[in-house]
Protein chains: 2
Amino acid sequence: MSQQRHGNTPGNAGAVPAFPDLPEATIARLPEYLRALHNLAEAGSDTISSEGLAAAAGVNSAKLRKDLSHLGSYGTRGVGYDVTLLIDQIEYILGLDQRRAVALVGVGNLGHALAGYDGFASRGFRIVALFDADLEQVGKAINGLTVRHVGELRRAVVEDGITIGVISTPPSAAQGVADDLVAAGVTSILNFAPCVLSVPAGVDVRKVDLAIELQILSFHEHRKASLTALPGGLVGEGGNQEAVGS
Amino acid sequence: MSQQRHGNTPGNAGAVPAFPDLPEATIARLPEYLRALHNLAEAGSDTISSEGLAAAAGVNSAKLRKDLSHLGSYGTRGVGYDVTLLIDQIEYILGLDQRRAVALVGVGNLGHALAGYDGFASRGFRIVALFDADLEQVGKAINGLTVRHVGELRRAVVEDGITIGVISTPPSAAQGVADDLVAAGVTSILNFAPCVLSVPAGVDVRKVDLAIELQILSFHEHRKASLTALPGGLVGEGGNQEAVGS
DNA sequence: CGCGATTTGTGCACGCCTTCACAAGCGCCT
DNA sequence: AGGCGCTTGTGAAGGCGTGCACAAATCGCG
Ligand SMILES: NC(=O)c1ccc[n+]([C@@H]2O[C@H](COP(=O)([O-])OP(=O)(O)OC[C@H]3O[C@@H](n4cnc5c(N)ncnc54)[C@H](O)[C@@H]3O)[C@@H](O)[C@H]2O)c1
Ligand SMILES: NC(=O)c1ccc[n+]([C@@H]2O[C@H](COP(=O)([O-])OP(=O)(O)OC[C@H]3O[C@@H](n4cnc5c(N)ncnc54)[C@H](O)[C@@H]3O)[C@@H](O)[C@H]2O)c1
């Protein structure tokens, strides 16, 4: 790397350092590294080699080193990476030190599960508001939060500094909700409804479609079945272990 | 393509036709095309152009044509693709005409939502068995299915011809459940627990980690925030609309 | 202080994926 | 029947991502 920028810990607030533009594939893996690092820290490890961390995150070690090298030089040759330092670095890059406020729209079957999930809090997020269009749901309390009517969305987004919206409404309502979220100022959306959302430039959308995941698995089942029917029998060509993202 | 294999509709059972080995990226998009096609069929369209289908699926039209060309020549120049024919083709390739049996392990917060979701049925899957280790949950009925004890997993997998397993247990239990599923004969696993699973070759694993999705969005929020702080203001560089998978 | 063991950071080559651009093919209209 | 407009299917180019292999750097030890 060209510039040596060592003692630059995240605690060093103030001027934003030249923001590195990481490859999208790298970004998608950083959260995985982060999770593995937290496990290691909890297990008492102070340092970890790229080989060890790669194994814990389920990736190739060369890939991991290249990914980490993009954020700067935070490893020590002959030793490995300082676990806590790396955690801080990755959390800083991902913007998790800000504990982003999230709004969830559509408190049905799935939304209920998401709202009641405490795993988000430990990974940098606070679900601060729940919304639904069904007056039957409005007023109910889930995990300490009261479900509000979608009409209040705009005000809540501004007041609570919400930047991320999660959509777990039926697909027919998703585009409308997305429009409302964007109009209110949300610039990132996680969509669980199986449909394509159209949003203005500058707004990021990620989609999670569970049926698609199953369908991809189904394809591989189909492929495997047609292979075993052919000569050669079951060869076993390496279990895929792919993240869902990227 | 070299061989002209036209009237070969999926209904044509029997000998398995030379199985095309599609690029992984294409496979991940086929489900999206399929969903869009079903919407079009419901809306009464008989044919659809690559441009139209691409818009409905949220992808580039050239990419869509190349993807579809991998399954054979099912379009008509000057006209477009026959919607029903294409649906049948994609469903056949994905192996959805078999309505695969799925087992769900871990009927907690999230598992409950998944078990109660009727959207899987319409997309080629049947959740045929629910399992939990908690005796408190065992015996309860969800959506017509009774929760069974994980000890019965092996027998159920064999009896019901289950090939896909969904894990929605806490991460600490996930590897054990995966081992049980594999031992029982399951060859595809969809994992919701935030952890890396180790499985033998020949078994496919896909992971869905919602916190990772949020963290990726958080990164982009962080990036956008640091950009607006710089000269140039908010430029708006195209909303990302990326599938989660692949 | 020097040496060997260890591990990072990266140059490089390869393959996959995306996108453009266009020829070939098809149907419709005259 | 012929021409015209539309759409598919694909060749080619460029970009991105991956993984090998190794030089550079650091630590521990004698
Ligand atoms: N439940 C699952 O396991 C599951 C799995 C995969 C995908 N999904 C998808 O997630 C979404 C939610 O699924 P679900 O099972 O929770 O459905 P659901 O019907 O149980 O819940 C939908 C909720 O959204 C609310 N809603 C409807 N229109 C709204 C609007 N305009 N504004 C705000 N709220 C509105 C409804 O009142 C309801 O409470 C669906 O798109 C579904 O396809 C769910
Ligand atoms: N709830 C969410 O919205 C959400 C979101 C993201 C990720 N997740 C992940 O999904 C998984 C499930 O989350 P949850 O909120 O439903 O948790 P939960 O604790 O509500 O449910 C877990 C269930 O698994 C069962 N279980 C535990 N060990 C088992 C075993 N060995 N065999 C079979 N069943 C066993 C438990 O009895 C319980 O019913 C977790 O790994 C969680 O991190 C959940």
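In case you wondered, yes, glycine gets a Cβ from its N, Cα and C as well.
TrEMBL does not curate its annotations; it predicts them automatically.
Noted in TrEMBL for the protein shown:
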type	residues	note
DNA_BIND	B:32-71	DNA-binding region
BINDING	B:Gly106, B:Val107, B:Gly108, B:Asn109, B:Leu110, B:Gly111	NAD(+) binding site
DOMAIN	B:95-196	domain 'CoA-binding'
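Cβ neighbour count for B:Gly108 (NAD(+) binding site) (all protein chains, 10 Å cutoff from its Cβ): 16. All protein chains shown were included, and the count of other CB atoms within 10 Å of the CB of B:Leu110 (NAD(+) binding site) stands at 24.
A 10 Å cutoff on Cβ-Cβ distances gives B:Gly111 (NAD(+) binding site) a total of 24 other Cβ atoms nearby, all chains included. Mean model confidence for the domain 'CoA-binding' (B:95-196) is a pLDDT of 97. In three-state terms derived from DSSP, B:Gly108 (NAD(+) binding site) belongs to neither a helical nor a strand segment and is classed as coil. The Cβ of B:Val107 (NAD(+) binding site) has B:Ala115, B:Leu130, B:Phe131, B:Asp132, B:Gln137, B:Lys140, B:Ile142, B:Val147, B:Ser168 as same-chain neighbours under 8 Å, each 6 or more residues away in sequence. Neighbour list (B:Gly106 (NAD(+) binding site), Cβ cut-off 8 Å, at least 6 residues apart, same chain): B:Phe131, B:Asp132, B:Ile167, B:Ser168, B:Thr169, B:Pro170, B:Ala173, B:Val177. Taken through DSSP, the DNA-binding region (B:32-71) splits into 29 helix, 2 strand, 9 coil.
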